[in-house]
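Quick look at what TrEMBL lists:
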type     : residues : note
TRANSMEM : 32-51    : transmembrane segment
TRANSMEM : 100-123  : transmembrane segment
TRANSMEM : 143-162  : transmembrane segment
TRANSMEM : 174-191  : transmembrane segment
TRANSMEM : 197-218  : transmembrane segment
TRANSMEM : 225-244  : transmembrane segment
TRANSMEM : 287-304  : transmembrane segment
TRANSMEM : 309-325  : transmembrane segment
TRANSMEM : 331-347  : transmembrane segment
TRANSMEM : 354-373  : transmembrane segment
TRANSMEM : 385-405  : transmembrane segment
Amino acid sequence: MATVQFESGHAAPKFDGLADRLRGFVVNHSRAIIGIAVPALVASFVLLVLLGRAGLDSRAGIDYQVYRWAVHTWLVGGDIMNSAPTVSIGRVLPWVYPPFALVPLLPFALLPFIVGLVALYIVDLLAIGAALYLVTRHMWPSVGARGAAAVAMGLLPFTLFLEPVYASFGLGQINIALMGLVIVDCLAFYPRWPRGLLVGVAAAIKLTPAAFLLFFVFRRDHRAAVVAAGTAVLSTLAGFGLNYQAAVDYWFGRGPAHGVSGSAFHTNQSIMGGLARLELTPVVRNAVWLVLVLACTAVVVFAIRRVEPALAVVANGLLALLVSPTSWSDHWVWCAPGLLVLLGCAVRLRSPGWLVTFGVVLVAVLTASFRMLPDGPPWTPLQHLVGNPYLLIGLVLIALLGRFARNRTGVLAMAGQARE
């Protein structure tokens with residue numbers, strides 16, 4: 001896969017030579033960085049547990065509790081769609097995934113509770129690490145494989161303190177693992193599997209990753225698009241074989257995310273969630289949603305064909321989060337590779353503007369200001385501004401992406417080349 005070199009239209013002397021100095025430091029000290037990162041990662045996770053943002057007991061991971069219940073209920077022939085477990089916080093939470101999702105969750109559910117939860121945490125850490133590694137390989141190819149590994153390991157402990165990441169850990173969610181599947185599939189240089197396979201599997205587990213068909217289609221990797229679509233269809237059909245009645249109920253009855261779609265709860269940071277908190281009439285809400293979705297999709301499609309692959313796939317991830325009716329804050333784990341992309345653009349373009357953008361996004365995902373507000377409407381105008389940080393910043397980022405892609409004359413992504 002070809003890597004596009006950015007051009008800078010900014011005169012920023014303070015950035016001159018910065019990339020070379022950073023590259024030299026990373027390459028020359030890669031082993032030391034990795035060696036320090038391992039205990040730092042352990043310490044960061046222990047701190048999360050002490051702060052109550054991740055757990056290692058039977059009350060932890062309420063979504064993980066639902067996964068375990070669903071697998072065990074399925075194994076004894078129970079009904080996973082029309083019944084639901086009461087989790088440790090006293091709430092009844094339903095199973096909201098297609099039956100095929102039971103397959104990858106099976107190993108975690110068969111392990112003892114804590115062992116399975118730790119295994120899920122390890123998978124999540126590997127997924128974030130792989131995402132950071134591949135983004136670095138694309139955004140900063142001169143550091144090589146070892147340098148990219150050092151960057152990924154060096155940053156991994158800090159990602160645990162991003163609100164979407166620790167929220168996902170706290171819930172025992174699979175969103176990080178799905179993100180890892182997508183990024184590895186889209187950005188791996190010479191995959192040993194048919195490209196598109198992992199996106200297809202992810203889409204069969206949870207519908208949202210199907211949005212990454214846009215990445216393949218508009219980067220003209222039609223073979224990968226066909227593989228992704230075919231894999232998703234075949235995996236979904238396998239779900240009918242695993243639990244026919246549950247599959248019928250899911251796809252033709254309740255539908256994806258029944259009961260939570262378009263929720264006004266403050267952690268739903270999608271376009272639909274923000275509009276729901278405005279308490280608009282259904283007709284107005286749906287009309288505004290459709291206009292914003294079409295506008296965002298048009299911008300991202302335009303950009304995907306023109307920008308560097310890592311930026312394109314992260315932009316596709318942002319689009320998926322915005323247009324989905326429900327994007328809880330723990331779904332926004334794309335902020336981890338997204339921040340690295342923004343920082344990479346700032347250094348490679350020698351652009352203070354990109355650096356400021358990086359800083360704003362970092363503050364937003366560290367503070368998660370919506371958590372300081374009531375769970376839902378009615379909100380004041382100021383509360384709407386403070387309570388929709390991911391949504392509002394996401395929309396601004398889409399607009400900036402469109403401007404950036406439009407102005408990059410002669411620096412097109414090599415999307416038409418064959419990718420093996």
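Note that Cβ sites are derived from N, Cα and C of the backbone, with glycine treated the same way.
Whatever TrEMBL says is automated annotation, not expert-curated.
These figures come from a predicted structure and were not determined experimentally.
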Recorded stretches the transmembrane segment (174-191) and the transmembrane segment (197-218) touching, at least 3 CB pairs under 8 Å: yes
Seg_contact(the transmembrane segment (309-325), the transmembrane segment (331-347)) with at least 3 CB pairs under 8 angstroms, min sep 6: yes
Which of 143-162, 225-244, 331-347, 385-405 contacts the transmembrane segment (32-51) most, counting Cβ pairs under 8 Å: 143-162
Close approaches to the transmembrane segment (385-405) from elsewhere in its chain (Cβ under 8 angstroms; 6 or more beyond its ends): 266, 269-271, 273-274, 277, 292, 296, 299-300, 302-303, 306-307, 311, 315, 318-319, 321-322, 327, 329, 332, 357, 360-361, 364-365, 367-370, 372-373, 379
Of 143-162, 225-244, 287-304, 331-347, whichever stretch has the most CB pairs under 8 A to the transmembrane segment (197-218): 225-244
Touch test for the transmembrane segment (331-347) and the transmembrane segment (143-162), at least 3 Cβ pairs under 8 Å: yes
For the transmembrane segment (143-162), distant same-chain residues with Cβ under 8 A (at least six beyond the ends): 23, 26-27, 29-31, 33-34, 36-38, 40-41, 43-45, 48, 125, 128-130, 132-134, 136-137, 169, 333, 335-336, 339-340, 365-366
